[in-house]
Amino acid sequence: MTQRETDLRAQLAAGEVPAHVGIIMDGNGRWAELRGLPRLEGHRVGSESVRAITTAAREVGVKALTLYAFSAQNWARPGDEVEGLMELLRLYLLQERPTVMENGIRLRAVGDLDALPAGVREVLNDLARDSSANDGMILTLALSYGGREELVHAARRIAEDVAAGRLRPADVDAEAFASRLHSAALPDLDLCIRTSGELRVSNFLPWQIAYAEILVTEALWPEFREEAFFSALLDYRKRERRFGLTGAQVRGTIG
Ligand code: FPP
């Protein structure tokens, strides 16, 4: 561990960390291309960042970590890249089992999971089931996930419930809506990190991101490791979250 990492850890131990961190893991392809390597090699080294950040998040007391691992739109990538990513995911789920269990991590997934290859779905379901009683941290993988897709799905469920007389239009509120999302179990995001410098949210958790603090770093995902993650958590601490109020209200200087 570097001296800087030790210092950052010590600072983090002495104060608040965001309860729910979401990460848009971007830049695997560019990382590989910059080194003249196949894109899949970027994804492979990216999966090592997943390991490092998951363990680091658990250690510093993050309660929920949600990683955007594969979007609904990623299916349109070249077939060999999609296949390679699915295989990496399967291997990750198999190899990470001991770390997940030893660290009390509960693994979940959100998205159109039926679209995943059976081999991935099986290991995912096994680990989700076996880790379901763990209460150290919830690790959610967004897989075949699209924010608009899940909003549309929730709207359809509301319409069905209203049509069937189970729900009155007047009772359609934020809670009724949120409870019909695939990601209903996820709390609001406190901090959303995006790597590789792109300034967009790319269909990631539109409901939960409403009041999230956003941090974009130039680092490409395969090179985003503990030090960069801890710096992001410390940056979050400096933010003033207002939720629509004035700064003075938040600081309690006016009522
Ligand atoms: C974006 O980089 C990243 C992805 C589409 C996949 C993310 C997958 C991993 C980090 C590895 C496997 C996941 C787990 C959970 C083990 P990009 O390919 O869009 O990069 P680019 O914009 O530079 O081309």
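Cβ atoms here come from the backbone N, Cα and C positions, even for glycine.
Caution: TrEMBL annotation is automatic and unverified by curators.
Summarising the annotation, TrEMBL assigns active site to Asp26. The Cβ of Asp26 (active site) has 21 other Cβ atoms within 10 Å, all protein chains considered.
Per TrEMBL, active site, proton acceptor is recorded for Asn74. Non-local neighbourhood of Asn74 (active site, proton acceptor): Val82, Leu85, Ser144, each in the same chain, at least six residues away, with C-beta under 8 Å from its C-beta. Asn74 (active site, proton acceptor) carries a helical DSSP state (H, G or I).
What TrEMBL lists as Mg(2+) binding site is Asp26, Glu213.
Trp31 (substrate binding site) is surrounded by 25 other CB atoms, counting those within 10 A of its CB over all protein chains shown. TrEMBL lists Gly27, Asn28, Gly29, Arg30, Trp31, Arg39, His43, Trp75, Arg77, Arg194, Arg200, Val201, Ser202 with the feature substrate binding site.
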Practice task
Determine the binding-site residues, out of Gly29, Arg77, Arg200, Ser202, Glu213, lying near ligand 1 in the sense that the CB is under 6 Å from one of its atoms, and give them in sequence order.
Solution key: Gly29
Completion exercise
One should report the C-alpha separation between Gly27 (substrate binding site) and Glu213 (Mg(2+) binding site), rounded to whole angstrom, as 21
Practice task
Count, for each of the binding-site residues His43, Arg200, the other C-beta atoms lying within 10 angstroms of its own C-beta, and report the residue with the smallest count.
Solution key: Arg200
